[in-house]
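Engineer: A single structure is presented below for examination.
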Amino acid sequence: MGIDTKSIGFRLMAPCLVIIVTSFALVRTLSGFFPPIVSEWLSFHPSARNGALTFISLAALGWALASFGIVLVFKRNLVAPLTRIIACVSAGERVPPTGLREFDILGNAINETLSRERLSQERLHTFLSNAPVILYAVDRFGVFTLSEGKGLSALGLLPGQVVGQSALESYRDYPLIVAGLERALTGETFSIENAVGDKAFETWYSPIKDERGAFMGSIGVAIDVSERKAAEAEKDQLSEQLLQAQKMESVGRLAGGVAHDFNNLLTPIIGYAELLKLEHPTRQAEERLDQILKAADRARGLVQQLLSFSRKQVLEFRTVDLNRVVDDFTGILRQAIRESVELRITLSGTPCPLQGDRHQLEQVIMNLAVNAQDAIGGHGVVAIETAHVEIDEKFAEKNPDLAPGRYLTLAFSDSGCGMDRETLAHIFEPFFTTKGQGKETGLGLSTVFGIVRQHGGTVLVQSEPGRGAAFTCYFPEARGLPADERLASLELTLPDVKRRRILLVEDNSMVRTLVQELLTRRGFQVLVADEPTQALWLAKGEPLDLLVTDVIMPNMTGPELHAALKKSHPALKVLFMSGYAREEIPHPDGPEAGFPLIQKPFAISSFARRVEALLS
């Protein structure tokens, strides 16, 4: 509201008018007071009558002129400067110099106040223009009365663009925002988080009240927290991945330990059964031995799954063509899948070379195919596809297990029931199953995950309830094509077998007895020890050609024993036996060292070939 400078000027002129009126009244009073005196004086001086009247008239006129002059001076030196000052203050402009010291002091004080206020407004505008916030206000009907801030650009809005619009109507498609506005219009002070499109905001509401405390509206300050939310989501994801990795590592240790003990038990079972078959038993006995070996082989498969899950299985990596692995395995796969499920296989038009273990890749194919079949239930389709893909940095950032580069994919999709988010979060956990207790081991998918991770890849899953599932295995693509895979059976003949001396060290009595019998039957001279200290004592002064030893033993490991014996037997060769994986063996040269290792449980023919190959 502006200032009425005319009314102020009139109020300033009022005292001047009072002076004029008073002057005329005084002249009139004096004119009434002086006549008797003048008449008496003129009675004595009749000749001065005209001069006296003239003097009185001039005196009255002078008094009036003096009063009018006072008014003019007062208006020029007081009323006019004050009127200009008031007009400048009303317009928010600087007060110019008046030439009067007192008024200039007043003007300077006003100018300083205006400068501070303008600076404060400029700072507020600068803050709102550059800070990622949105400052807005609504009246008690929910209509925007203020809309400022750099944060408006995130919504595609300009400052003041929505002023005069209904906030409730503008954001009717955003229930959380409408709910927040309705709370704000009740006069409540609170904060709330909501989203507009892909942007997340944290908003604080506070009521606006007049001087009587009546509710006039609400003011809101919204901050764009999209980056913070993304960082929090990434942190939660990393925490979940870390927790999952820790769980997998813990159960992996348990699985590795159990697998080691099972391997020690299976080694003599398989070995003695094979030895009995070599002795030409009756047909009935041979059939029973076959059942023993079949059961042992199934147990070995379970142990391999445990080791694959714990990523501690010894794998034989070579360059293989993923297309050929799938194609060669199709016949077995069709026998495993029931007839009501259609199997569709689409192979890449070009070879898919990767460094991998063929048997473990077949295990992945079988497990994923059976899992897809079980998800279908009745009739349905299981599709298998191989392809070449290029992983870019953006995709790798979302999937930390993958680095940018060329990969091969082995994808399985089904038309089954699909999975919800809660199930997806647990599918790779060991012993997790949705099929009920006793119907499966719950190691199928965890085994797949372990094998693929051992091959330097990962498994990504997409699924929704009622829309099936898609498992995609990523393997780093290898350079070059795989060589022809030929099965070779080489029988080595050692003319001087009886002269070859072997030191056998094994702390498990059943395994030790079996291996001793195998070596003796092949014609070798065998020195037997059940722990490293005894082995060192037996080796003193004895010629030795080969050390066959367990890895993890009391007092000393197998690699440490070999190193100690080489001081007195520099040419001594070694064959390690272990139920642990190569990376678990504490070898001085590290797990990457190419030391000879045979994994328990082993076939007696495989063991014999390894020994003869080392001694040939």
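Every residue gets a Cβ built from N, Cα and C, even glycine.
Here's the feature list from TrEMBL:
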{"type": "TRANSMEM", "residues": "12-31", "note": "transmembrane segment"}
{"type": "TRANSMEM", "residues": "51-74", "note": "transmembrane segment"}
{"type": "DOMAIN", "residues": "186-237", "note": "domain 'PAC'"}
{"type": "DOMAIN", "residues": "257-479", "note": "domain 'Histidine kinase'"}
{"type": "DOMAIN", "residues": "501-615", "note": "domain 'Response regulatory'"}
{"type": "MOD_RES", "residues": "Asp550", "note": "4-aspartylphosphate"}
Engineer: If one looks at the chain holding Asp550 (4-aspartylphosphate), which residues at least 6 apart in sequence have a CB under 8 angstroms from its CB?
Structural biologist: Val505, Glu506, Asp507, Asn508, Val511, Gly558, Phe576, Met577, Ser578
Engineer: Summarise the model confidence on the domain 'PAC' (186-237) as a single mean pLDDT, whole number.
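Structural biologist: Averaged over the domain 'PAC' (186-237), the predicted model reaches a pLDDT of 89.
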Engineer: Should Asp550 (4-aspartylphosphate) be counted as helix, strand, or coil on the basis of DSSP?
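Structural biologist: Where Asp550 (4-aspartylphosphate) sits, the three-state DSSP reduction gives strand.
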Engineer: Could you give the number of helix, strand and coil residues in the domain 'Response regulatory' (501-615) as assigned by DSSP?
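Structural biologist: For that range the per-state counts are 44 helix, 24 strand, 47 coil.
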